[in-house]
């Protein structure tokens, strides 16, 4: 007897991935704490936890892609869930960046006597904002224009053009990451060099980490577009990647103005 479904929602099958992801996260957290406190076996537990967590992420997302692309379970009602989740995730990321910019502004607007009452602290070298930082700043907004091009191509049903646009986006992202690496290689200060080094490298490094995650996200979208997974009505994964990438490229303007330029001169 064939069961009929009188609603537009997807009732997922039982899955082992939530519990395996929880165990991987637990092992990663405990292993990280043990490693930082030089406990024996901490590095091993941390490595195993990360491997287990990454494997769980891969197979869980694989199942989601199978359910949406091959089995057709992601109706319009189901697609609202990932969209709302992506928006809330980006909002939480905004709060994280706000925290780091607040720390930098708090330290630079009222420098304490421990750092000489000046900003940047006396004896701390800073990067010239008009060299690599200025060169790197317009690259991410340019990649944002490329990902918008890809979005319009998907909506127009032009698959090859969407692939070309995603390739352009990824290439610009890789160039940006390369420039970020050059910045850190040439940086005259480290994360342990006073509050300036801590806030500078934490804020810019956190943003650089988001660029890497967004690049991986877009690479997967590019592969899926090449395989014909994304259509006019079913491209929620790409939309989430595009929203995330626009967030990343806009955020780049804030550290340049507040940390590289104003906070470093």
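Cβ atoms here come from the backbone N, Cα and C positions, even for glycine.
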Quiz prompt | From 84-104, 105-125, the residue range that Swiss-Prot assigns the feature transmembrane segment | solution = 84-104
Quiz item: What parts of the chain pack near the transmembrane segment (242-262), using Cβ distances under 8 Å and only residues at least 6 beyond its ends?
Solution: 86-87, 90, 93-94, 97, 101, 104-105, 108, 127, 129, 133-134, 136-137, 140-141, 143-144, 147-148, 150-151, 169, 199-200, 203-204, 207, 210-211, 213-214, 217-218
Quiz item: Looking only at residues six or more beyond either end of the transmembrane segment (84-104), which have a C-beta under 8 A from one in the stretch?
Solution: 199-200, 202-203, 206-207, 210, 239-240, 243-244, 247, 251, 254-255, 258-259, 263
Quiz item: So what's near the transmembrane segment (16-36) in sequence-distant terms, Cβ-Cβ under 8 Å and 6+ beyond its ends?
Solution: 42-50, 52-53, 55-57, 59-60, 63
